[in-house]
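J.: Have a look at the structure that comes next, please.
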Amino acid sequence: MNPTQRLALFVLLAPAILWLGLLIVLPHVEILILSFSERVAPRVYAFGAGNYLEFFTEPLYWRTFARTAIMSIAVTAITLVLAFPIALYIARVAQGRLKAMLLLLCLLPFWVSELVRTLGWMILLRETGVVSYLLRAAGLADQPVELLYNDGAVILGLVYGGLLFMIVPLANALESLEPAVVEAGFDLGGSRWTVLRRIVIPHAMPGIVAGSIIVFMLTVGNFATPVLLGGKNGLWFTEQIYAQFITRFNWPQGSAFGMLLLLLSSAIVWAGLRLTGQSLGTTLRQA
Amino acid sequence: MNRPSILWKLYIAAFYLFLFAPLLVVAIFAFNASPFPSPPWRGFTFAWFTGDGSAFGKPGVLMDPIWLDSIVNSLKVAVPVALLAVLLGTVNAWVLERAEFRGKTFLAMMMLWPLVIPGVVLGISILAFFSRVANGLEEWLQTDLDFLRPGLPLVVLGQLSFILTISTLIIAARLRKFDRSLEEAAFDLGASRARVLRTVTVPFLRPALIGAGLVALLMSFENFNTTLMLVGSDAPLPITMYGQMREGASPAINAVSLFLMLAVGGIASLFALTSKAQA
């Protein structure tokens, strides 16, 4: 490589290095360092794992963390079950214009802001909302019903937000399934259930993994949906990070929480890839 | 499997109803003549768009400085983000597809990384790092560096941190399809490097450049998690919406949402058209 080419390469690489260095790597090094600094006196900090100890000794913190992890796994599972028949229909049954339209109709709501969708659910579910009003009008309830501010509402909102990210990779994976293979399964005497379990689901595996990983990551890192639909009962871990950073101005503690969230998210992604033998690159491409 | 049962069809229908129900109620209650976005229906009104506040005590979107300011703030963020995302994304795509150097696979992996970091964590890490930089520089230079403190410039950087991945991927995918013999033909015909770039390569990339710009614009306009951590006193639209939703908003928020849906629908169909031209 001659010096001019070397210079050209360096100039072309500069944006990527500045971007990844200044906006990704160094900021993460910063919160890693912050998370290990303890306040020993006003404005004096020392190295120590106190922020992490605080997490394990304060039940509110680790319970919120565990709750966020478990509910996110549940949301991912529910999303997968709800999305599978839709993706199967789009990929295997619908043809031509209907197929394109069904997929486009799936995409549309997700181009709209998360806050608009959450607003919709709030108008539907709250005590003075549409569902409560319709229940009373139909004579199924004699007084206003509060459907907001509980775990069900949080799960509903998160599943709704994840559906598209499940349907698209699933439909992509199912698209390549040979009809002849399915026919053969039936010809060999397989029931609908056997064919689904032994042929369709294994074939859809890359899509299932890709969709589940994306939905899990989006759910665990969500902020607005659990806070707005769950109210005081939302208790999402991102809210704890926000509270430490912005409300209480305890950046070391907030950084430790941030590192823990990053660790949880990466661990589940890694475990998902490992269990199913997929790689991150192909998984992201699937999506 | 090719003859779907009636149950399956019913499920599909119910699913699409579920998908659109929240958006429909948001749109419908933008026109309700009531101070709250909830039933019963009290008649049709445009007050939540153009009302001056005389009818319900609160003005419509187009008359309310809170909403207008936050829309302007969102544009102040989204336009630079989109322009930088396309410009830097093109350079990144070039590096990924055309350059040869050691560590390229590593760099390509690093570029995907921002997609797996939760938005809130991106936000706090950039906030903490730039505060440290600002503290250091201010002491050294003896001046205030407000653009490194929470505010719109920091929001631009925060959003760029992950939107750049998306724009790089979109543009790189297009560049990969480019037939390099076209460039060689232009060189053989005596064109300079700049001229080849201008008349052959960039026109080929145009649909991807426009597509990446539109996606960046949308993602910036709608980003909430990262923005929330970096925002100062000037709130972009999602932050204002969030604040209003916590307090119990007037149907003006439905009117804003309807504008957003229409704008998004418009941009999405533009994007669909450009990507169809690309296929």
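Including glycine, each Cβ sits where the backbone N, Cα and C put it.
Per TrEMBL, transmembrane segment is recorded for A:7-29, A:69-90, A:102-124, A:152-171, A:207-229, A:256-275. Marked as domain 'ABC transmembrane type-1' by TrEMBL: A:65-272.
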J.: Under an 8 Å Cβ to Cβ limit, what residues of the same chain, 6 or more beyond the ends of the transmembrane segment (A:69-90), are close to it?
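T.: Distal contacts: 99, 102-103, 106, 151, 154-155, 158-159, 162-163, 166-167, 170-171, 174, 200, 204, 207-208, 211-212, 215-216, 219-220, 264, 268.
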J.: For the transmembrane segment (A:256-275), which recorded stretch in the set A:7-29, A:102-124, A:207-229 gives the largest number of Cβ pairs separated by under 8 Å?
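T.: Result: A:207-229.
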J.: Given a Cβ distance threshold of under 8 angstroms, which distant residues of the chain, six or more beyond its ends, lie next to the transmembrane segment (A:102-124)?
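T.: Result: 86, 89-90, 94, 130-131, 147-148, 153, 156-157, 160-161, 163-165, 167-168, 171, 224-225, 228-229.
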